[in-house]
Each structure stands twice: as C-alpha cells, then as structure tokens.
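Now, the feature entries from Swiss-Prot:
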| type | residues | note |
| --- | --- | --- |
| REPEAT | 17-61 | repeat 'WD 1' |
| REPEAT | 64-104 | repeat 'WD 2' |
| REPEAT | 159-202 | repeat 'WD 3' |
| REPEAT | 205-244 | repeat 'WD 4' |
| REPEAT | 250-291 | repeat 'WD 5' |
| REPEAT | 292-325 | repeat 'WD 6' |
Amino acid sequence: MAALFPPPPGPRFVLRGTQSAVNTLHFCPPSQAAGNPLLFSGSQNGLVHIWSLQTRRIVTTLNGHGGQGVIWLKTLPQGHQLLSQGRDLRLCLWDLEEGRNTIMDSVQLDSVGFCRGSILVRGQQCWMLAVPGKGSDEVQILEMPSKTSVCTLKPEADARPGMPMCLGLWQTNSSLRPLLLAGYEDGSVTLWDISERKVCSQITCHEEPVMGLDFDSQKAKGISGSAGKVLAVWSLDDQQSLQVKKTHELTNPGIAEVTIRPDHKILATAGWDHRIRVFHWRTMKPLAVLAFHSAPVYCVAFAADGLLAAGSKDQRISIWSLYPCP
C-alpha cells in the first residue's frame, strides 16, 4: 500500500568538517552577516567553526577552550562579537570585526556542567548574563561587560531542585524587570524575579532533568523537553504564575534542545534518538520527523529567515528549509 503522506524532504545541504560531535549552533544575525549568511558551530573538541552558508565551507576556526567542549554560542548586538562557553570553565568574548578572531575578554565560570548560559540585552553596550553558579543549585547573574555581580539565585533549603540544566533570561514588553526561567535536574521549571531575588512561580512538568526550554514572550507561553519522553507546554499568567497547559509524549526519550522559530510559527527539537522533530507552535501538531543523522542530535537552531540547522554526535550539521517564513 502506498504511503498516505510523502516522506519529508532531505536536508537542503550538509556541513562536514568539524571532526568532532557538534554541541551547539547559532546563526549570525542578518544585520551582522554583510550579505554572507554565517553559521557558528561549537564542538566537543573545543573548537568554534564559522561557516559560510553560501560556499558551505568553514571560513574561520576559533580555538579558545583548550580542547574542552563548547556548549553555547551567542552573538552580541553591538558589532561583530561572539560569546562562547566551554567546559574549560571559561566564557570567551570574541572580536570578529574585519576578519579578526581574537579574545577580547573572558569570564571564569564556577560550574563544569552542561548548562548553557543566557543573555539579556539591556542597552547598546551592556547586557545581563546568567550562568551556573558556584553552588550546585545556584545561578549567577552578572552585569556585562563590567562583570559586576548582580546576585546569586539560590533555591530555598527545602526545595532541592538539583542543578540548573537550562536558562532563559527575558523581560516583558511592559516592564524592564529582568526575569529568568530555569529548568532543573528534578524536572521542574522555575521563574525567578532577578530584581527581588525571589521565586515567582515553580512547576514540576517532567519526571527527568529538564534538558532544554524556550519561551515565547509574545504569547507568554513556553516549552520544555527533558531526558524523558514528554514535551511540556506551559503558560505564564498576569500574576507571573506558571501553569502546565499540555504535554506531548514522544516515541523515544531524550530531548537535548528545543527552540521556537523567530516568527513563532513552528518549533524544533533535537532528539537523542537521532531525530529532529518539528511541531506547529500554537497547536503542537507534529509536522515532520527528520531522520537524517546516525547518532544523537545535540542542538537545533533557526535563522531569521526560517532556515533550520541541526548538529549531531555524528559530526555533521544538517541544514533544512521547511515551512518557509511568509
């Protein structure tokens, strides 16, 4: 019998050459790409590769983490600057202006875990940084680039959520108060008010550690994935209270990352089962299961134009053009 639905298309193209598992991906914003779309990848071998999506080749390799895995990459809005977080307990700030590839500054970190940092831009030249703290359950908040400590967020003694596994800094359109969403080892998601140094709300939506989360501030709705089989969708009401809205059970356990496309139409997950899954964000209707990689998928990222990139333990980066942005 013929299949009812045609299989999803293969990747638009594949990037090879990292020679190591790909832990994290980040598209360069169009405003900084100068007509040459770029993708940043961070690998298990401690290298950051800058790829041209036109030539599909590595343009530059950054080596600043002493062979220790790179787990997070983020560009800053003020010019050609890139943040890279490595398991060498260092967060590097790179100057990429006019072809340079030098480390401008670095922050010494206290946690060697796999929790990626998060930033919140506070002005043209300053931004807030959230990273795992010295205590196993702590999150440290810094004002950058001065590295001034804002606070340390530590759960109540009887809470015991375990280590923070993923972080998301944000603020509402109506308020300049910085907020932090943190996913923890015990399967909980917590909303912190940074100014008050207090927990606004906390929900337990997973039985396993929360491995990734993303938040749509326009809809006041977020999603989290874990080491288990469940994707959880939760919302935030006007009283800053988190509520689980729905859950979606996957075939196989293990979500390494979940990310919502910039236009808030679809989302993608990186699966330990080698699969990339794509969902409609409003309804959570499954749209595609992309079976290309031969090992766990560790990261997914969207470009501003909707292009999807996925990185895997198989050392390949797949680039997909699905449901183009209108």
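Every residue, even glycine, has its Cβ placed from backbone N, Cα and C.
Take the repeat 'WD 6' (292-325) and the stretches 17-61, 159-202, 205-244: counting Cβ pairs under 8 Å, 17-61 has the most.
The repeat 'WD 3' (159-202): residue composition by secondary structure is 0 helix, 24 strand, 20 coil, according to DSSP. Under 8 Å from some Cβ of the repeat 'WD 5' (250-291) lie the Cβ atoms of residues 8, 11, 208, 211-216, 218-219, 223-231, 233, 297-302, 304, 306, 308, 310-312, 318, 320, 322-323, 325-326, all in the same chain and six or more residues away from its ends.
Looking just at the repeat 'WD 4' (205-244), the mean pLDDT is 95.
Helix, strand and coil content of the repeat 'WD 6' (292-325), in residues and according to DSSP, is 0 helix, 16 strand, 18 coil.
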